[in-house]
Amino acid sequence: MKLTCVIVAVLFLTAWTFVMADDPRDGPDTAVRGGKRFWKARNEMNSAASKLNKRECLEADYYCVLPFVGNGMCCSGICVFVCIAQKY
């Protein structure tokens with residue numbers, strides 16, 4: 001009996017999730033229940049202002065922790081316990 005109730009509850013919640021999910025093909029006017037609000041928030045996001053996009057790198061002669069090429073910490077990409085400048 002308990003197992004049956006759990007199965008029914010899981011099926012109900014799964015169906016509810018699919019019914020209430022936002023369909024990106026719908027425009028902001030055709031969405032159900034406050035779809036405009038979510039659509040507007042999605043469009044107002046400024047991904048260029050994200051701190052995750054701004055990675056600072058270490059200049060030459062700074063300690064770089066991970067000694068291998070291409071670790072992303074050094075601007076040159078070469079690290080042998082200190083960042084090594086690349087000569088072009």
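Including glycine, each Cβ sits where the backbone N, Cα and C put it.
Remember, it's a predicted structure, so these values are computed and weren't measured experimentally.
When the candidates Cys57, Cys64 are compared with Swiss-Prot, only one is recorded as disulfide-bonded to Cys79, and it is Cys64. Cys75 is paired in Swiss-Prot with Cys57, the candidate among Cys57, Cys83 named as its disulfide partner. Each of the disulfide-bonded residues Cys57, Cys74, Cys79, Cys83 was scored by other CB atoms within 10 A of its CB, and the lowest score goes to Cys57. The number of other CB atoms found within 10 A of the CB of Cys75 (disulfide bond), across every protein chain shown, is 15.
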